[in-house]
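**Student:** This is the structure, below, for whatever I ask next.
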Amino acid sequence: MTNLRKNHPIMKIVNQSFIDLPAPSNISAWWNFGSLLGICLIIQILTGLFLAMHYTSDTLTAFSSVAHICRDVNYGWLIRKLHANGASMFFMCLFIHVGRGIYYGSYLFKETWNIGVILLLTVMATAFVGYVLPWGQMSFWGATVITNLLSAIPYIGSTLVEWIWGGFSVDKATLTRFFAFHFILPFIIMALVMVHLLFLHETGSNNPTGLNPDSDKIPFHPYYTIKDLLGFMLMILILMSLAMFSPDLLGDPDNFTPANPLNTPPHIKPEWYFLFAYAILRSIPNKLGGVLALLASILILIIIPLLHMSKQRSLMFRPISQTLFWLLTANLLTLTWIGGQPVEQPFIIIGQLASILYFTLIIVLMPLAGIMEDNLLEPKFP
């Protein structure tokens, strides 16, 4: 009898991707976040599907429909809170996944890395349009402020903003199209994930040492399937704890108030996972400059492979670069904190310094450290 797993056209692909896939024997827990992101995406699509069955994308009923889901739908409150906190888990895993890629030099798989950056941008867009849907105060004003940034584009800016709004302000047309985008984008993300994995399996996984692991590979199943399963259980435990015990911990209290175009909230701020970029945006006292800095803060990831100056791939054996990496991490946490603070001193100057340091670390200091470490390791004979 032929082995179905190895000969069936579909099972063969699954087998080569998740069962008989040769994987490096030394990949650590930092490599778990790819599979965790896959689980996050599945959770978000399933909870989102059930929410979409009861949600209405109309300005008059959107807020009430969300309240109805929480009050009257069986376990509607749980589905909604899993979806809201699932987004936070998604971004937590995303940031760690990208950080792992930078630390261990995974960005040298350029195709995989570039698709990953596109995925990050798509997930950010999905989260933004999704945040508008409950039609609370922060939903409405967040949408108004962020879409308004496009008006900084010379010549076509104002026309572009009105085109996206579908009118002269954020209104019914905007909400309806944002719901349409929020529904379709996760499926586009799924397709991109397939491409991401396709490119990854062309090269095989990187590993903590950054050395070629071909001499020592082990099958993905059972070694990494069981390891991923442990990751799933831990993540679902954290997500369930969040959704059950403190579902509103990461949300904004202003979103419990229905959207009111006549009343601006005292502090307009996005969800926690956008605060670092929001802080960079606000640190430049010029609209166009701020928008460009905001874009640069994410798009800088694309040029990271070009900034790799070291002969070693990973930071595992490079203490100076390691220090700079953790300084960058601390800097991003500082930016996240600043993004949630009001625009007043000392927060303004801290945000500006942190923004300058962010770009300096990535563009100047880390490449220089790579060159310096190479020179320090070079044997010097008299």
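Count begins at 1; order follows the chain as displayed.
Glycine residues also receive a Cβ, built from the backbone N, Cα and C atoms like all the rest.
Per Swiss-Prot, transmembrane segment is recorded for 33-53, 77-98, 113-133, 178-198, 226-246, 288-308, 320-340, 347-367, and the stated evidence type is similarity to another entry. Marked as heme b b562 binding site by Swiss-Prot on the basis of similarity to another entry: H83, H182. If you look up Swiss-Prot, you'll see H97, H196 marked as heme b b566 binding site, on the strength of similarity to another entry. What Swiss-Prot lists as ubiquinone binding site is H201.
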**Student:** Based on Cα distances to H97 (heme b b566 binding site), point out the closest of the binding-site residues H83, H182, H201.
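**Tutor:** The smallest Cα gap between H97 (heme b b566 binding site) and any of the binding-site residues is with H201.
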**Student:** With pairs restricted to those 6 or more apart in sequence, evaluate whether the transmembrane segment (77-98) and the transmembrane segment (226-246) have 3+ C-beta pairs under 8 Å.
**Tutor:** yes
**Student:** Looking only at residues six or more beyond either end of the transmembrane segment (320-340), which have a C-beta under 8 A from one in the stretch?
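**Tutor:** Same-chain residues near the transmembrane segment (320-340) but 6 or more away: 99, 102-103, 269-270, 272, 274-280, 282, 310, 347, 350-351, 354-355, 357-358, 361-362, 365-366, 369-370, 372-373.
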**Student:** Are there residues at least six beyond either end of the transmembrane segment (33-53) with Cβ under 8 Å to its Cβ atoms? List them, or say none.
**Tutor:** 69, 79-80, 82-83, 86-87, 89-90, 93-94, 96-97, 100, 182-183, 186-187, 189-190, 193, 228, 231-232, 235-236, 239
**Student:** H83, H97, H182, H196, H201: which of these binding-site residues has the sparsest Cβ neighbourhood within 10 Å?
**Tutor:** H201
**Student:** Take the transmembrane segment (178-198) and find every residue of the same chain, 6 or more past its ends, with a Cβ under 8 Å from one of its Cβ atoms.
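**Tutor:** Distant contacts of the transmembrane segment (178-198): 17, 38, 41, 44-45, 48, 52, 55, 57, 112, 115-116, 118-119, 122-123, 125-126, 129-130, 132-133, 143.
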**Student:** Three states by DSSP: which one describes H83 (heme b b562 binding site)?
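**Tutor:** H83 (heme b b562 binding site) sits in a helix per DSSP.
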**Student:** Rounded to a whole angstrom, what is the C-alpha distance between H196 (heme b b566 binding site) and H182 (heme b b562 binding site)?
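**Tutor:** If we compare the Cα positions of H196 (heme b b566 binding site) and H182 (heme b b562 binding site), the gap is 21 Å.
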**Student:** Taking residues 6+ outside the transmembrane segment (226-246), which of them lie with a CB under 8 Å of any CB in it?
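**Tutor:** Result: 29, 32-33, 35-36, 39-40, 43, 78, 81-82, 85-86, 88-89, 93.
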**Student:** According to DSSP, folded down to helix, strand and coil, what is H196 (heme b b566 binding site)?
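**Tutor:** Where H196 (heme b b566 binding site) sits, the three-state DSSP reduction gives helix.
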**Student:** Translate the DSSP assignment of H97 (heme b b566 binding site) into the three-state scheme.
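**Tutor:** DSSP call for H97 (heme b b566 binding site): helix.
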**Student:** For the residue listed as 'ubiquinone binding site', what is the secondary structure state per DSSP, taken as helix, strand or coil?
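**Tutor:** Once the DSSP labels are grouped into three classes, the residue listed as 'ubiquinone binding site' ends up as helix.
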**Student:** In whole Å, how far does the CA atom of H83 (heme b b562 binding site) lie from that of H201 (ubiquinone binding site)?
**Tutor:** 30
**Student:** Tell me the Cα distance separating H182 (heme b b562 binding site) from the residue listed as 'ubiquinone binding site', rounded to the nearest angstrom.
**Tutor:** 29
